[in-house]
Amino acid sequence: MEDQARMMSGLVGLSGLSQVDVGDHDAGRKQHSLGQPQQDIGDILQQIMAITDESLDEAQARKHALNCHRMKPALFSVLCEIKEKTVLSIRGIQDEDPPDPQIMRLDNMLLAEGVSGPEKGGASAAAAAVAAAAAGGSPNDGSIEHSDYRAKLTQIRGIYHSELEKYEQACSEFTNHVMNLLREQSRTRPISPKEIERMVGIIHRKFSSIQMQLKQSTCEAVMILRSRFLDARRKRRNFNKQATEVLNEYFYSHLSNPYPSEEAKEELAKKCAITVSQVSNWFGNKRIRYKKNIGKFQEEANLYAVKTAVDAASVSSQASQANSPATPNSGGYPAPCYTPDGML
DNA sequence: CCTTATGATTTTTT
DNA sequence: AAAAAATCATAAGG
């Protein structure tokens, strides 16, 4: 109501044609049929179109001129009529705003994956997670390792957020434009604030449908990532050569007691770029497998014993060099209970 | 393909 | 709770 009144007053103030919509049809037609050149109307239209391009003073003057034009009432009535028609036809489409279950689902998923999550902390939260994992002190069992996974996830997250921001910015920019345009035009054209509002709504819906696409594709990416990493975390990837070397070195140089302390494990983990639990796994596997078939590991044992011996001791005794590597064990852990055959 | 090596997981033992 | 042992599942090599 208020809107209506405001609009009306605006129109009236501009043109003083309070009774535009009633009887002027005939006038217009009369004028037209009287042979008044059609060019006249074309001119007016053109001038109206050009209004926004002009400076305010110019426009003001031009507007005044237009309002005093004898064709103005007719044109205005036509516009009113057209508008009424379109409003009628649009009104049916007005029903809207179902809280889209689809988009809710996507939102929830993104939230659960930590993509759209507490977004101020986007980078910092991820960084914190990384730091916690890297610090090693965390209860770093098998659940959230795979820095690869996290890196990819944060990458996706970054893309998602920047895109989202872009969309939002574009949306508000566009909305502003449209609103300004409509407001500007509402001075010469019958446009109610409600209509502007509706227009904004339409724009927002359009943009949010675009956003949904973004969300959808982000979801897809996350799903793919998950299937490739988390679900495949049971998939085995061999450690690199250097890592196994470090581990073996430790194992064979502590063959009498191959139970690294927590600190030692952490250090090994760091050196090998694996997790502490992986170190534990490795030692568990190694111990049982070594014990189960010492013979099979003899060669390896010698190799690493030699290595560490050479590494640690310079040259203490020449004769023992051949001997000591073959029997590096001195304590409770199962010693090779047979004499090395393949060795020199 | 089949076999072996190997990292991870599950179950059992201590 | 930690280690041992059994088991699983895949990588890697012939």
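Using N, Cα and C of the backbone, Cβ positions are placed for all residues, glycine too.
TrEMBL annotations:
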DNA_BIND  A:232-294  DNA-binding region
DOMAIN    A:36-231  domain 'PBC'
DOMAIN    A:230-293  domain 'Homeobox'
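The DSSP breakdown of the DNA-binding region (A:232-294) into helical (H, G, I), extended (E, B) and coil residues amounts to 42 helix, 0 strand, 21 coil. Residues belonging to the DNA-binding region (A:232-294) score a mean pLDDT of 92 in the model.
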